[in-house]
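For reference, TrEMBL has these:
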DOMAIN    42-290  domain 'G-protein coupled receptors family 1 profile'
TRANSMEM  28-50  transmembrane segment
TRANSMEM  62-83  transmembrane segment
TRANSMEM  103-121  transmembrane segment
TRANSMEM  142-164  transmembrane segment
TRANSMEM  205-227  transmembrane segment
TRANSMEM  239-261  transmembrane segment
TRANSMEM  273-292  transmembrane segment
Amino acid sequence: MMERKNLTRPSEFILLGLSSRPEDQKPLFAVFLPTYLITVIGNLLIILAIHSDTRLQTPMYFLLSILSFVDICYVTVIIPKMLVNFLSETKTISYGECLTQMYFFIAFGNTDSYLLAAMAIDRYVAICNPFHYMTIMNLKRCVLLLVLSFCIPHLHSLLHILLINQLTFCASNVIHHFFCDDQPVLKLSCSSHFVKEITVMTEGLAIIMTPFFCIIFSYLRILVTALKIPSATGKRKAFSTCGSHLTVVTLFYGSISYVYFQPLSNYTVKDRIATVVYTILTPMLNPFIYSLRNKDMTQGLTKLRHRVKCQ
C-alpha cells in the first residue's frame, strides 16, 4: 500500500483511515453507519420540527435549523466515503475528489463556526436587550448573518484549495487520516509551505478567530447582564437559554483546538480520534443537546410526531 513516487501531482491518494488492520474495518463500518443515519435523521427532525411549529418561527430557531442543515452536509462530505473505504481493499480517492472533499470540509466546518457565532449574538440580544429583540434580530439582519456565514467560509476554503493545488507531491501518496484534511495532505508535500503557512497565520487565523471572539464577547456580556438580575430565578432562566449552545460551542472548539493548534510534525493518530469529535460526534449530538435541554424544541418534536401519526 505504501507507494513512493516522484510526482508533481498524484492521480490518487490512499486514505489509511482510522485503522489499517483488516479485522477492524467491518466493526468500524458497523459503528459509523448508524452514527451517520442518526446524525442525518436527528438534524432533519430538528429542521422539520422548527418549520412546522409556528412557536419556533423565531431568529434563534431559524439559525438552529440552518445549523442542522449544515451539519447534515458536513457529515455527508466525510462519512459516505469513509464507509465505502471500510468495505474496500483499495481505499483510494482521486486527486480531484480529495480537493473537492477538502474544499467542502473546510467550507462547512467554518460555516458551522460562523453560525454558532450568529446564535451567540442572537442570545446576547435576547438577554441584554430583550425589549428590542425582534427589532434588532429582524429578517433582514438574520439573512445578512446567514449570507456572511456562508460566503466568508466558502471564499476562505477556495483560497486554501488553490494554494494546496500549487504544491508538489513527491513522497508517499498515503494519507494517514480517514478523509482529505488539510494537515495530513500538507505532510505529503515536498515543496515549500511558506505561502500556505503565512496565509494560515494571517487570513486563516482572522477567519477562524472572528466567530470565536464574537462568541466570547457575547457570553461575557450575557454573564455581566445575568449577574445584575436580582432574582435567582431570573439568573437561572438567563443561563438556561444559553446552556445548549454553550455545550455545542465547547465540544466544537475544544476538539478543533486540540487538533489544529499544534505543529504540523506533531500530527498523530490521537488527532484522528479528536477529529472524529468535531466532524462526526458533535453534529450527531447537536439534535439531542438542543432538544433534551429545550422545552420548546421538545414540544415541537412531540407535535411533529403526532402530526406524522395522524397522517
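Here, residue 1 is simply the first one shown, and the rest follow in order.
Cβ from N, Cα, C; glycine included.
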The transmembrane segment (62-83) and the transmembrane segment (239-261) contact flag, 3+ Cβ pairs under 8 angstroms: no
Across the domain 'G-protein coupled receptors family 1 profile' (42-290), average pLDDT on the 0 to 100 scale: 86
